[in-house]
Amino acid sequence: MTWAPDNVRKWSALLLLAIIGTALTAATDPGFVAMISQKGLDFACQQGVVELQKELQAISVPDFSGVFKIKHLGKGSYEFYSMAVDGFHIPNPKIEMLPSDGLRVFIKDASIKINGKWMSRKNFLKAGGNFELSIQGVSISTDLILGSDSSGHITTICSNCDSHIDSVHIKISGSMLGWLIRLFHRKIETSLKNIIYKKICKIVRDSVSSKLQPYLKTLSVITRVDDVTSVDYSLLAPLTTTNQFLEGQLKGEFFWRGHRDPLPIHPPVMRFVPNGAYMVCMGISDYFFNTEVLAYQQSGTLKMTLGGQLLSNNGRFQLNTDFLRTFLPKVAKMFPSMGVQLLISAPVPVHLSIQPSGLSFNPKLETQAFVVLPNASLVPLFVLGMKTNASLEVDAEENRLVGEMKLGSRWLLELKESKFGPFKVEYLEDVINYLVSTLVLPKINERLRRGFPLPLPAGIRFSHFTFYPYQNFLLLEADLHLI
């Protein structure tokens, strides 16, 4: 892409509020920085409240009963039972950032409808029917404190919850004796109001502890990339908020699976002002990319063998000992019409540089050539050093960072070693450049197109994204959607 100038559970959206947030510490710079704007918080709030609404709508209202006494009529009893919430409407949920480390979700003007049955007894008289309870002006305010545990996982607790109900109205139907109930409707309304009031915050707290927090725990901070590497997205410090963004700083470090050694490079300092027009903003440092290269280099997987039919029938060059006759006649004479095998590897890690002009690097490879004897054993011929300049174009697909490597010029060759005497490397320039561009580069880009996972919670994907290259880091700004 071009550089721009400018159904899992819905709780997964609230997870987004926590995944992208930690505080910068003086001791450790992050390899990956992420922020969520107010627009992103609003998106997450809307989706999270949908799930909360389901929980609130499932409120279990217990049966209750009482007695009444009316002058000249004496005592009687009443009972309300089989009550169920018929609707819990939440019109305009809001979310705001608390200073330092939390979020406040508040709901105003919500309403609840409850249907049920009633029964009344007075001496030998018995009556009953249906009722409808309308609860108006329900408000809920809850604080979520975000943090991290010792392993770098996200934690969240509901530190405070308050609720309020403005008014309750009951509508009785089904019997001529309903007027008895209406005489003391305020007492009944108050009793039902208190029951609902006590239930609301309990459900909110239970939802955070039984649904949101376990979901956070399922998000692995060590994300498997492939059979060779994983990436560490653990939090470096407690979660924090500013007045405009929920900010997060993660380790952002690739490593060879099963091997975790100290690295010879360090993350750069990333400073940028996010665009609040997008939901999320991610700063991806050159450290992130370069630890990926280091992991593959340390594992010994940055190599490719070209031989056999791949070389002899490539369509343009038949790379065998007969081909070497021009500059290595001794080889052609000693090993007539035998196959040649090439081993292309990266003896030293490639360092990727990110600048405002884009992502670039200067790969240095090594090619070892062998004669393949009839018994499949190898005879070493020579070693070539190879260097060129290249660029990396990045893109995002769903929840992954993908890329494409492009060569900026022809490979320059240098003879580093020869078992059969020196020769001019110019004889091999065309064939090496052709083989790398047609066989090696497509394999690299095939891996880059598979991509690398970004720290997004389950059920969340990118949309409307753009990239900005800065000095030492790449900025990704995007909106999000649910799948």
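One-based numbering along the chain as shown.
Even glycines carry a Cβ here, placed using N, Cα and C.
Keep in mind it's a predicted model, so treat the numbers as computed, not measured.
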Exercise. Pick out which of CYS45, CYS201 Swiss-Prot lists as the disulfide partner of CYS161.
Key: CYS201
Quiz item: Of the listed stretches 37-219, 221-285, 286-457, which one has the most C-beta pairs under 8 A with the region 'Central sheet, part 3' (464-483)?
Solution: 221-285
Quiz item: Hey, does DSSP put CYS201 (disulfide bond) in a helix, a strand, or just coil?
Solution: helix
Quiz item: Of all the recorded positions given, namely CYS161, CYS201, ASN375, which is spatially nearest to ASN389 (N-linked glycosylation site) at the Cα level?
Solution: ASN375
Practice problem: Write out how many residues of the region 'Central sheet, part 2' (221-285) are helix, how many strand and how many coil, based on DSSP. | Solution: 0 helix, 25 strand, 40 coil
Quiz item: Does CYS201 (disulfide bond) have same-chain partners at least 6 apart in sequence with Cβ under 8 Å from its own Cβ, and which are they?
Solution: ILE140, THR142, CYS161, ASP162, SER163
Quiz item: Which entry in the list of glycosylation sites, ASN375, ASN389, has its Cβ near the fewest other Cβ atoms, using 10 Å as the limit?
Solution: ASN375
